[in-house]
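Below is one structure, written out as C-alpha cells, with a few remarks after it.
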Amino acid sequence: MLPGAEIEMLGGDCFEGSYEDHQIFREVFFGSDPGNTTKRCLVTGAINFECDSSKNVNSSLSSNSVVTSGYACPQGFEASASRDGSDFNTKAKRVKLSGNKHLDARDEKGSALHGFPTSDIARETIPLHLVESSNKGVSTSSYLLKHSIVKGREVYLGGIVSGKCKSLNLDKCDGKEFKAIASPVSQESFATRMISVGASTPHSEKACFPLQLNNGSKVSPNELIMSKTCLKIDPKEDPRPLLYKYVCKVLTAARWKIEKRERSAGRKHVDTFYISPEGRKFREFGSAWKALGGILLADRKLMDTGTKKWTGINDFWSDLSLTLLDIEENMKNLNLANTRALWWSALEPFVVVVFISKQVGSLRKGNKVEVARNSNPDKLKKEDTICLNLISGCPESVLTVSEGSHLVHDVDANQEIHSDLEVQTKISSQKVSSRLERQSIIGKEISGTHEQEASKGIVASKLIAEDMHESVMRKNLHRRSKKISDIKPASLDQHDSLDSNSLNSFEFQDKEMGNIHLVSKGSRDERLRNEKMNNSCCNSKKGRKKARKHYTQDDDLMGSTITRNKGKFSRSSQKKKTQKPKARTKKRNNRGGCRLLPRSSSNVENHFFQGNWSILGPRTVLSWLIATKVISRDEVIQLRDPDDDTVVKTGLVTKDGVVCTCCNKTVSLSEFKNHAGFNQNCPCLNLFMGSGKPFASCQLEAWSAEYKARRNGWRLEKASDDDPNDDSCGVCGDGGELICCDNCPSTFHQACLSMQVLPEGSWYCSSCTCWICSELVSDNAERSQDFKCSQCAHKYHGTCLQGISKRRKLFPETYFCGKNCEKVYNGLSSRVGIINPNADGLSWSILKCFQEDGMVHSARRLALKAECNSKLAVALSIMEESFLSMVDPRTGIDMIPHVLYNWGSTFARLDFDGFYTVVVEKDDVMISVASIRVHGVTIAEMPLVATCSKYRRQGMCRILVAAIEEMLMSLKVEKLVVAALPSLVETWTEGFGFKPMDDEERDALKRINLMVFPGTTLLKKTLYESTKPSTMKGVCLSKERNNPSNKEADLEPGLDKAGSPMSTQVESCDQMVPAGSDDEPSPGFPVPLGADQTEPTSETENPSRDSNANDRPNKTTVVSIGEEEEEECLQKDVSKLSEEGKETTRASSSSAALEEVSGLGLGVVNNVSDEMLLCVDEQLDSDSSQDSE
C-alpha cells in the first residue's frame, strides 16, 4: 500500500477525496469510536470487512480500485438490489492484463492506478470497504485485492454493482502490469449479485452475496439440488447440472415428460427420453428442445432475435446467473404459455452453448463465443450479421474473406462506417458515425498482398454503409476463410479497372482468386447491357434460340460465362438468304416442373404442428373458423326465423360441432339446421352468432385472410435475363431444351410435339391457335371476331366457326364452341354447393372458388360463396396433409392451393382456371377430396385425389371416384384421365378399372392443356360410349393440325376459289357428330350463356318449338351461308334449346335457382338464380385476373 502522506498529496487541494473528507465520512457512518472496536455500520448495520492493517489508509476512495459491492437491507441482498445500472451515474474502469507490464501500472495519462499493490506485496489479499447512499438506499462495497491475477482477464474497477455486474475472480498474477481503459457503466456488463472470491480470502464467505431462491421451489432427484440460502458459483465448475435443472422446469411446465430407461443387461448407461404432450418421443435433447421452441413460438414473434456474445467463462456465468434469477422469481407464472415462450427464448442461447454446440471448453480458455437467439434464425439475417461484423472491423476480430474473388454490393443504411481497410493481418474500423442522408461509394480495388508487402498495403477509399438492416451479403462465404494478409495477389481477367459511379449496395461473390472489388451498381447494370449487345453482335443468328444466361459470381467474367457451352447456345444458320428462320428455342435447363410426391406419415404431424391446424382435430368449417380465431369456443350461435327474426334454436360452438341447448347434444352444423326445421341442402342465411354477426360474414372474414395469405405467399421469380418463357415443357412438365411459343410463355420439347424438324418462321402453341385453321388467335381482338370457349378453353376465329360476319351481342362474356360444352358448363355450375346424399350417412358435393371481384352481389350468392370457399380451405388442409408442397421454381406458385382455388396464370401450364373440387363428407366432417377439370365432352382430368389420414383404407376414395364418374357420365363426358404415381399404377388399374394409354391417344392429348407431373403415368377410363366418331382422334388429326409450319391457308375460310360463299363443314372440339342427335352442334354461331333475347338475330326470327326436331336426317351438319337457311337453322336451334332447358330444369330440381326459371325457353340460360350468376361472375373475374397478370 502507498503511505498515507503520498495519498494525501494525490488528493490535491480539493476537499473531495481528501483525508478530511474521508474522516468525516467514517464518523458519519461508523461513529466516532477512536479504536474502531465495532465493525458494524451505524446506518445500515452492515459488517465492515476492513482488515486491521488497512483501517486508516485512505485508499478505498479511489475510483480505480477493484470493487465488489452489494446493497445492504434487512431482507437480504435480492430484495433491495436494483436491476438497472443506469440509475447510478457512476463510471467504471476496465483493466486488461498485459503480458509485459507490472502491477505497478499507470494509465494512458501517466497517472498511477490506485488500489493496486506493488510487486513486493502482490501476494497479499487486502480487503477494503465503502458505504454509499443513493436514491435506492444505502449500499456497501467491499474492495478485494487477492494475491494473484490471471493473465489475459479483464477486471472492472470502481462503481456501484448493479443487476448486470460481472463477477470478479482475481486469480494468480505473474507480476504483470495492467492496462486501464475507461468506459461508461452503460456500455459495460457488470458482475452478478453473487460475487465469488478465492478461498484464501479471510472473509470470502461473508463477502459473498447469496443468490436467493424461492422457498417454494421444488427440485426433482434428476436435477441439481440448490441451497436455499446461498449458491456459490465457480466459473470453472460444470454448468450443465444447473442449466439442466431450469430446462427441466420449462419442459415440465409445458407438459413434457422426462423418462430414464436402463439399457440392456451388462450396461450401466441410462437413456433419457423426452416425451411431448402429444406422445412423440425424442432421444436427443437438442431435437426435443427445438421441438419445444417450435410449439411455444408458433404464434408469437419475439422482439429479440439478435445474437449473444460472451468472452470467457466469467462473462458467460454473469449473464446466465441473471437469467436464472429472473426465471426463479417468475417461476410461478410458468403455467402461462407466453411466459414459457419467453423463458425458452431466454435459455435458448445458453442451452445451445452448453448442450448443443458444447462450447464451454472454449469459454474456459477465454475465447469469444457468439450464438444466435432462437434456433432457426433467418438465413439472410445471419449473413447480414456476419458481413456487418466483417465490415465494421471489430477490434477483437479479424476480417476474413473467402479464397474466391468477391464483389462488394448492396449496402444501404442510416449509419455510415468510415473504415480504412489496410491489408495486414487485421483490418479494423477507425470511425463509426451515424448519418441520415445517403452517400456515394467510390469503387476501388483492393488486392491482397503477402505479409512481406504489408507495408505497401493498398487502402481503399471511404466505405460508406447505408441501412445496416438491409442485406449486405448476397452469397455465402462457403469456402475456407483466410485472412487478407494470407491471400495472394491476383489480377482481373478481363477488366483492368472498375467504374467509379455511385454505389447503392455491396455484394460478396466468389471467384477462384482472392480479390475484393468495390463495384458500383450502376456500372454493373451498364456492363450487363453491354455484354448483351456484344453477344447479340457476335452471334450470326440473332434471336434464333433463346437461352437463359447463367451469370458467374464475378461480373468481370460475365462475357466468358454467358458464352460457355457455345455449341448449345446458338444454332448455326445456313447461308441461304431466302430461308426462313427457325422457331425460337431455349437452352437446356434442369429446373423442370414440380414432382408429385406423397407426404410420409411421419412428417404429417410436424407439418400441422407448425401451422394453425391440429392433426387431431376434425376437418370441419367450424374447426377451421376456430383455428383462424374468427369465432371462439363456447360462443353462442343462433338460428332465426327469416320472417320475424325471432330466435328458433340456440347452441354453443365447439370444435366438434354445436351443442344444442334444447337437447344438450353435440351435433354438426347441418344437423343443427335440420333440427330447427330448415333445409340443410342450401346455404343458410338466417344463421347468426350471439353478437348478431351473420355466420356467413364470419366465413367471408376467414376466407379473406386465407386469400390474402395465399396470394401474398407466392412471388413471381423473373429470370436473370428477363426471359419471359417457361422453364418446363407443357406436355410432360420436365425441363430440357425447349421450343418457345412466339405468343405466350409456353415451351415444349420437340419430341413431345412429335416434330421431326423445327418449324420455320414464327411458331405458336395450341393454346394460342384456332382449333380449326391452326392459325394464331389474337388476345387483343374483339370478342365478336375471336373468342375462347368458356368450358374447353379452346380458341376459335369467329369466321372459322360460323362462316359469317353476323354475331349476336353477348352478355355476359361467356362463349361456347358448341352445345355440348354449354351443357357441361351449365351442368357443373348448377351442381356447385348442392349436397348429394349417399349411403351410410355420407354425402358428396361439388365446390368451386368464388374469386374476389369487389362487386356487390345478392345475399344468396354471398352465402354460397362463403360456404364453398370455407369448405375449399378445409379441403386444402387434406391435400397438404397428403402431398408435399409443389412450388414451381419458375414462378414461385404453390400449385396445390392454386388448383383447389382454381386460380389462373399467364403460364398455360399453371392456368388452373376451370378446376372443380369434389368432396365427400359425413356429419360436416370432410373425408376425401378430388380436383377435376372437364375439357368439353372429350375428356376430364383428375390430377389430385386425397383422403384424410384418419379415414384411409376404409373405401372412401372409391366412393368419391364413383360419384365423380356418375356425374361425368350424366354430362356425357367420354373419358376420365388420372396422373398416377408409379407405385399406384397397379391400384388404379386393378382396383378402379383404369387402363394405360396407347401412343395414338397420348398424341391426341398433346393439344389439351392437362396438369402433368414429371414421373407420373397417364391412365384412362372410358365413361360414356357415344355413337359418333372418336372426338379425341378427330380433334388432333385434322389436315391443318398435322401441318406444323403454320403456313397461310391457300383459300380464305368460307370462300371458294372464285371468292364466292361456300358450304363449310364445322370442326369444333365436339362437332364430329351425326346430324339429328342430341349432341348436334349449334349451327352458325357459338351459343353464349345469357344471350340477350331482346335483340333477335334477324327480323324474321321467331323462336318456336320444332316438333320435328328429332326427325332430322342422319347426316353431317352443313352450314349454308344463305340468309334464309341461316334463319331457319337459328329457329330450330332456339326451339331445341328451349326443350333442353326444361329437361335440365327437371333434372336439377333440387336447385332452387332452376325451379324459378323452368319453362322460360331460352331464358333458362339468362334468367338464372344466384348460383348461375355466380359462375358467370367467376368467369369474368378469372378473365380480369389473367389480364391483370
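Including glycine, each Cβ sits where the backbone N, Cα and C put it.
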TODO: When you get a sec, could you say which of 220-265, 680-725, 726-771 is annotated zinc finger by Swiss-Prot?
DONE: 726-771
Open item on the list: Between 91-114, 475-498, I'd like to know which one Swiss-Prot lists as region 'Disordered'.
Closed with: 475-498
TODO: For the zinc finger (767-823), provide the mean pLDDT of the predicted model.
DONE: 74
- [ ] May I have the DSSP-based helix, strand and coil counts for the residues of the domain 'N-acetyltransferase' (879-1024)?
- [x] 50 helix, 45 strand, 51 coil
TODO: Run through the zinc finger (726-771) and tell me, per DSSP, how many residues are helix, strand and coil.
DONE: 0 helix, 11 strand, 35 coil
